[in-house]
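Asks: Starting off with a structure, shown below.
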(Lines of atoms letter the chains of each structure in order from A; the text may use other names.)
(Lines give C-alpha, C1' and ligand atoms only; values in the text may rest on other atoms or scores of the structure.)
Protein backbone atom coordinates (compact mmCIF):
# COMPACT_ATOMS: atom_id res chain seq x y z
CA UNK A 1 0.00 0.00 0.00
CA UNK A 2 1.32 3.46 -0.92
CA UNK A 3 1.28 6.53 1.32
CA UNK A 4 -1.27 8.15 -0.99
CA UNK A 5 -3.52 5.10 -0.81
CA UNK A 6 -3.31 5.05 2.99
CA UNK A 7 -3.99 8.78 3.29
CA UNK A 8 -7.02 8.58 1.00
CA UNK A 9 -8.45 5.65 2.97
CA UNK A 10 -7.78 7.51 6.23
CA UNK A 11 -9.58 10.55 4.86
CA UNK A 12 -12.53 8.39 3.78
CA UNK A 13 -12.67 6.67 7.17
CA UNK A 14 -12.47 9.87 9.19
CA UNK A 15 -15.14 11.70 7.19
CA UNK A 16 -17.65 8.90 6.81
CA UNK A 17 -17.21 7.42 10.31
CA UNK A 18 -18.90 10.46 11.87
CA UNK A 19 -20.84 12.17 9.09
CA UNK A 20 -24.26 10.46 8.69
CA UNK A 21 -23.44 8.78 5.37
CA UNK A 22 -22.24 5.25 6.42
CA UNK A 23 -18.51 4.56 6.46
CA UNK A 24 -19.04 0.85 5.77
CA UNK A 25 -21.27 1.65 2.80
CA UNK A 26 -18.68 3.95 1.26
CA UNK A 27 -15.91 1.43 1.87
CA UNK A 28 -17.95 -1.28 0.15
CA UNK A 29 -18.69 1.00 -2.81
CA UNK A 30 -15.00 1.92 -3.07
CA UNK A 31 -14.08 -1.76 -3.08
CA UNK A 32 -16.48 -2.41 -5.95
CA UNK A 33 -15.66 0.52 -8.19
CA UNK A 34 -12.15 1.83 -7.55
CA UNK A 35 -9.50 0.11 -9.72
CA UNK A 36 -6.96 -1.79 -7.68
CA UNK A 37 -8.80 -1.21 -4.41
CA UNK A 38 -8.82 -4.10 -1.93
CA UNK A 39 -10.03 -4.49 1.64
CA UNK A 40 -7.30 -3.13 3.96
CA UNK A 41 -5.51 -5.52 6.28
CA UNK A 42 -6.42 -6.06 9.91
CA UNK A 43 -3.60 -3.91 11.32
CA UNK A 44 -4.49 -1.00 9.04
CA UNK A 45 -8.15 -1.33 10.05
CA UNK A 46 -7.15 -1.26 13.73
CA UNK A 47 -5.04 1.88 13.27
CA UNK A 48 -7.81 3.67 11.35
CA UNK A 49 -10.25 2.90 14.17
CA UNK A 50 -7.68 4.13 16.68
CA UNK A 51 -7.41 7.39 14.74
CA UNK A 52 -11.15 8.00 14.73
CA UNK A 53 -11.44 7.02 18.41
CA UNK A 54 -8.71 9.54 19.25
CA UNK A 55 -10.71 12.21 17.40
CA UNK A 56 -13.70 11.64 19.71
CA UNK A 57 -11.46 11.66 22.79
CA UNK A 58 -9.87 14.96 21.77
CA UNK A 59 -13.04 16.74 20.64
CA UNK A 60 -15.02 15.68 23.70
CA UNK A 61 -12.06 15.73 26.08
CA UNK A 62 -13.99 17.64 28.75
CA UNK A 63 -16.77 15.05 28.78
CA UNK A 64 -14.34 12.14 28.63
CA UNK A 65 -12.28 13.46 31.52
CA UNK A 66 -15.35 13.91 33.70
CA UNK A 67 -16.72 10.50 32.73
CA UNK A 68 -13.41 8.89 33.73
CA UNK A 69 -13.46 10.65 37.13
CA UNK A 70 -17.22 10.50 37.74
CA UNK A 71 -17.01 7.96 40.57
CA UNK A 72 -14.12 9.73 42.29
CA UNK A 73 -15.75 13.13 42.76
CA UNK A 74 -18.70 13.94 45.04
CA UNK A 75 -20.09 17.17 43.55
CA UNK A 76 -23.27 17.57 41.51
CA UNK A 77 -21.57 17.66 38.10
CA UNK A 78 -19.93 14.31 38.89
CA UNK A 79 -23.37 12.91 39.69
CA UNK A 80 -24.59 13.98 36.25
CA UNK A 81 -21.63 12.27 34.60
CA UNK A 82 -22.19 9.09 36.63
CA UNK A 83 -25.70 9.04 35.21
CA UNK A 84 -24.37 9.68 31.69
CA UNK A 85 -21.88 6.83 32.11
CA UNK A 86 -24.71 4.46 33.07
CA UNK A 87 -26.66 5.54 29.99
CA UNK A 88 -23.64 4.89 27.77
CA UNK A 89 -23.26 1.40 29.26
CA UNK A 90 -26.96 0.70 28.60
CA UNK A 91 -26.53 1.86 24.99
CA UNK A 92 -23.49 -0.37 24.50
CA UNK A 93 -25.17 -3.62 25.59
CA UNK A 94 -27.49 -4.13 22.56
CA UNK A 95 -24.69 -3.08 20.22
CA UNK A 96 -22.41 -5.79 21.60
CA UNK A 97 -25.10 -8.50 21.69
CA UNK A 98 -26.52 -7.88 18.22
CA UNK A 99 -23.13 -7.14 16.65
CA UNK A 100 -21.52 -10.35 17.87
CA UNK A 101 -24.61 -12.50 17.23
CA UNK A 102 -25.07 -11.40 13.63
CA UNK A 103 -21.46 -10.65 12.69
CA UNK A 104 -21.34 -13.19 9.84
CA UNK A 105 -24.55 -11.82 8.34
CA UNK A 106 -23.25 -8.25 8.38
CA UNK A 107 -19.91 -9.34 6.87
CA UNK A 108 -21.78 -11.12 4.07
CA UNK A 109 -23.90 -8.04 3.40
CA UNK A 110 -20.71 -6.07 2.72
CA UNK A 111 -20.55 -7.67 -0.74
CA UNK A 112 -24.23 -7.05 -1.62
CA UNK A 113 -24.10 -3.69 -3.39
CA UNK A 114 -27.85 -3.44 -4.21
CA UNK A 115 -28.66 -4.03 -0.52
CA UNK A 116 -26.08 -1.45 0.58
CA UNK A 117 -27.58 1.06 -1.87
CA UNK A 118 -31.05 0.49 -0.42
CA UNK A 119 -29.71 0.93 3.10
CA UNK A 120 -28.25 4.30 2.08
CA UNK A 121 -31.75 5.29 0.94
CA UNK A 122 -33.09 4.16 4.33
CA UNK A 123 -30.44 6.27 6.07
CA UNK A 124 -31.55 9.25 4.00
CA UNK A 125 -35.15 8.64 5.05
CA UNK A 126 -34.21 8.53 8.74
CA UNK A 127 -32.31 11.81 8.44
CA UNK A 128 -35.07 13.54 6.49
CA UNK A 129 -37.99 12.59 8.71
CA UNK A 130 -36.13 13.05 11.99
CA UNK A 131 -35.21 16.57 10.89
CA UNK A 132 -38.70 17.31 9.62
CA UNK A 133 -40.41 16.11 12.81
CA UNK A 134 -37.91 17.34 15.40
CA UNK A 135 -38.87 19.86 18.06
CA UNK A 136 -37.03 21.73 20.78
CA UNK A 137 -36.21 18.60 22.72
CA UNK A 138 -34.82 17.36 26.01
CA UNK A 139 -31.32 18.16 27.20
CA UNK A 140 -28.73 15.65 28.43
CA UNK A 141 -30.01 15.88 32.00
CA UNK A 142 -33.37 14.56 30.83
CA UNK A 143 -32.09 11.57 28.83
CA UNK A 144 -33.80 8.39 29.99
CA UNK A 145 -32.72 4.75 30.14
CA UNK A 146 -35.17 3.96 27.35
CA UNK A 147 -33.56 6.61 25.12
CA UNK A 148 -30.15 5.00 25.64
CA UNK A 149 -31.47 1.49 24.95
CA UNK A 150 -33.16 2.50 21.69
CA UNK A 151 -30.05 4.40 20.59
CA UNK A 152 -28.00 1.27 21.32
CA UNK A 153 -30.30 -0.86 19.16
CA UNK A 154 -30.00 1.72 16.37
CA UNK A 155 -26.22 1.63 16.68
CA UNK A 156 -26.28 -2.16 16.44
CA UNK A 157 -28.38 -1.97 13.28
CA UNK A 158 -25.82 0.40 11.80
CA UNK A 159 -23.35 -2.48 11.57
CA UNK A 160 -25.29 -3.19 8.38
CA UNK A 161 -23.32 -1.56 5.52
CA UNK A 162 -25.21 1.46 4.23
CA UNK A 163 -26.83 2.33 7.55
CA UNK A 164 -25.04 5.25 9.17
CA UNK A 165 -24.14 4.84 12.84
CA UNK A 166 -24.28 8.54 13.64
CA UNK A 167 -27.28 9.08 11.36
CA UNK A 168 -29.37 6.30 12.89
CA UNK A 169 -28.53 7.07 16.52
CA UNK A 170 -29.09 10.82 16.16
CA UNK A 171 -32.33 10.21 14.25
CA UNK A 172 -33.91 7.87 16.80
CA UNK A 173 -33.01 10.28 19.62
CA UNK A 174 -34.60 13.15 17.68
CA UNK A 175 -37.71 11.00 17.17
CA UNK A 176 -37.71 10.44 20.95
CA UNK A 177 -37.79 14.17 21.60
CA UNK A 178 -34.12 14.72 22.49
CA UNK A 179 -32.57 18.02 21.43
CA UNK A 180 -30.30 17.96 18.39
CA UNK A 181 -27.10 18.93 20.16
CA UNK A 182 -27.71 16.43 22.98
CA UNK A 183 -28.50 13.68 20.46
CA UNK A 184 -25.30 14.32 18.49
CA UNK A 185 -23.15 14.55 21.62
CA UNK A 186 -24.55 11.32 23.05
CA UNK A 187 -24.13 9.62 19.66
CA UNK A 188 -20.44 10.52 19.49
CA UNK A 189 -19.78 9.42 23.07
CA UNK A 190 -21.56 6.14 22.25
CA UNK A 191 -19.06 5.68 19.44
CA UNK A 192 -16.17 5.26 21.89
CA UNK A 193 -17.09 1.80 23.26
CA UNK A 194 -18.40 0.75 19.83
CA UNK A 195 -15.20 1.69 18.02
CA UNK A 196 -13.09 0.26 20.84
CA UNK A 197 -15.01 -3.01 20.57
CA UNK A 198 -14.54 -3.14 16.80
CA UNK A 199 -10.83 -2.48 17.30
CA UNK A 200 -10.59 -5.26 19.88
CA UNK A 201 -12.33 -7.74 17.57
CA UNK A 202 -9.92 -6.79 14.77
CA UNK A 203 -6.93 -7.27 17.09
CA UNK A 204 -8.13 -10.76 17.97
CA UNK A 205 -8.09 -11.57 14.24
CA UNK A 206 -4.64 -10.04 13.70
CA UNK A 207 -2.03 -12.66 12.82
CA UNK A 208 1.24 -12.55 14.72
CA UNK A 209 4.07 -10.53 13.23
CA UNK A 210 5.00 -6.92 12.61
CA UNK A 211 4.12 -5.33 9.29
CA UNK A 212 6.81 -3.49 7.36
CA UNK A 213 4.10 -1.03 6.27
CA UNK A 214 3.51 0.44 9.74
CA UNK A 215 4.76 3.95 8.71
CA UNK A 216 2.32 3.91 5.79
CA UNK A 217 -0.50 2.68 8.04
CA UNK A 218 0.34 5.37 10.61
CA UNK A 219 -0.09 8.04 7.93
CA UNK A 220 -3.59 6.73 7.28
CA UNK A 221 -4.36 6.77 11.01
CA UNK A 222 -3.22 10.39 11.35
CA UNK A 223 -5.42 11.38 8.41
CA UNK A 224 -8.36 9.49 9.97
CA UNK A 225 -7.79 11.45 13.19
CA UNK A 226 -7.62 14.85 11.48
CA UNK A 227 -10.56 14.26 9.15
CA UNK A 228 -12.49 12.74 12.06
CA UNK A 229 -12.05 15.93 14.09
CA UNK A 230 -13.23 17.99 11.13
CA UNK A 231 -16.29 15.80 10.50
CA UNK A 232 -17.34 15.86 14.18
CA UNK A 233 -17.12 19.65 14.21
CA UNK A 234 -19.05 19.86 10.94
CA UNK A 235 -21.85 17.55 12.07
CA UNK A 236 -22.28 19.33 15.42
CA UNK A 237 -22.79 22.56 13.49
CA UNK A 238 -25.19 20.92 11.02
CA UNK A 239 -27.33 19.51 13.83
CA UNK A 240 -27.44 22.86 15.66
CA UNK A 241 -28.55 24.62 12.46
CA UNK A 242 -31.08 21.87 11.60
CA UNK A 243 -29.56 21.01 8.22
CA UNK A 244 -29.59 17.21 8.21
CA UNK A 245 -31.64 17.46 5.02
CA UNK A 246 -28.43 17.94 3.03
CA UNK A 247 -27.09 14.55 4.16
CA UNK A 248 -30.48 12.95 3.48
CA UNK A 249 -30.34 14.12 -0.13
CA UNK A 250 -26.73 12.94 -0.44
CA UNK A 251 -27.64 9.44 0.81
CA UNK A 252 -30.60 9.26 -1.56
CA UNK A 253 -28.48 10.29 -4.54
CA UNK A 254 -25.68 7.87 -3.69
CA UNK A 255 -28.07 5.02 -2.93
CA UNK A 256 -30.13 5.56 -6.06
CA UNK A 257 -27.12 5.92 -8.34
CA UNK A 258 -25.31 2.82 -7.12
CA UNK A 259 -28.51 0.76 -7.00
CA UNK A 260 -29.09 1.61 -10.67
CA UNK A 261 -25.50 0.73 -11.56
CA UNK A 262 -25.45 -2.55 -9.64
CA UNK A 263 -28.91 -3.85 -10.61
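Cβ atoms here come from the backbone N, Cα and C positions, even for glycine.
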Asks: Looking at 40-60, 61-81, I want to know which stretch Swiss-Prot calls transmembrane segment.
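Replies: Going through 40-60, 61-81 one by one, Swiss-Prot gives transmembrane segment for 40-60.
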Asks: If I go by Swiss-Prot, the feature transmembrane segment sits on one of 165-185, 186-206. Which?
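Replies: In Swiss-Prot, residues 186-206 carry the label transmembrane segment.
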Asks: Transmembrane segment per Swiss-Prot: which of the ranges 4-24, 109-129 is that?
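Replies: So the range that Swiss-Prot calls transmembrane segment is 109-129.
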Asks: Count, for each of 186-206, 219-239, 243-263, the Cβ pairs lying under 8 Å from the transmembrane segment (87-107), and report the range with the highest count.
Replies: 186-206
Asks: Same chain, outside the transmembrane segment (219-239) by at least 6, Cβ under 8 Å from its Cβ: which residues?
Replies: 3, 6-7, 9-11, 13-20, 44, 47-48, 50-52, 54-56, 58-59, 166, 170, 180-181, 183-185, 188, 246-247
